[in-house]
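J.: Supplied in C-alpha cells, the structure appears directly below.
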Amino acid sequence: MAATADGEEALRVERAPRSKRSAAARTRRLARSLARKQKGSRNRRRAAARLARHHAHLRGRRRHLLHQVSARLVKTHDRLVLENLHVAGMLANHRLAAAISDAAWVELARQIGYKQTWRGGQVLLADRWFASSKTCSGCGHRKETLSLKERTYRCAACGLIIDRDLNAAANLATWATRHTAQEAGDRQADGPVTNAHRRDGSGPRTSADETSPDDVGTETQTGHPA
C-alpha cells in the first residue's frame, strides 16, 4: 500500500502472488523425488534440474511483480518514504514468516532505492519505532494497542474510520513531508509530486536482477515451470 499525506491511495497490491506458499506442494514433491534418486545417477541430475527450474520460476514471478510495483512508484513520485522494518525479527514469528518471505520487502526496498537514484528522486526511511499503524492520520491521536487482525482503523478521538494500511501509509507520507521541511528550513516542501526522471540515463547496472535506467518499469522475463 502506498498513499499521499492527504490519505489518497497511490498504489495497492491486492493479490500479490504467493509464490512459495502456493507452490509448496510441488516443491515438496520435487524435493522428495530428488532425495529418492541414487547419488551420481542421471536420474538424480534430472531431478535436481527440475527442482532448480521450479525455484527459478518462483523467483521470476516474484521479481516480475516487484519490478512492476517499484517502477510505478518511482515514475509517479519524486519522494518516497519506507518503513525501516525489523524483517529478521518478524520472520521469527512462524505464523507470519511465510507471508513476509513471499512479500520480499527487503528486495522491494532495494529496487525502489536504486531506481529512485537513477531518476534523481529521494527515498527516506522512517524510524523503526514510528507508530504509523497506531496513529490516526486525521488528528494524530495514538492508540495504545492495535492487533494485527484489526484491518480497519477506528479513531476514538475524531471518529475517523479508515483502512488500516491506508492510514499507516498516509502517516508515513506526512512524516516524510515534515522531515523534508525540517531539513529544507523555510523552503516550500509541499506541492504536487512530479516525475523526476533523469534524462542522462546515468547509473550503472549493479546486478543481473536490476533493470537499467532506460527500461525501469518494463516487463522482465520469467522462467517456465518444469
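Keep in mind that glycine also has a Cβ here, set from the backbone N, Cα and C atoms.
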J.: Kindly point out the range from 1-26, 27-52, 131-156 that TrEMBL annotates with region 'Disordered'.
T.: 1-26
J.: Mean pLDDT for the domain 'Probable transposase IS891/IS1136/IS1341' (2-91), as a whole number?
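T.: Taking every residue of the domain 'Probable transposase IS891/IS1136/IS1341' (2-91) together, the mean pLDDT is 83.
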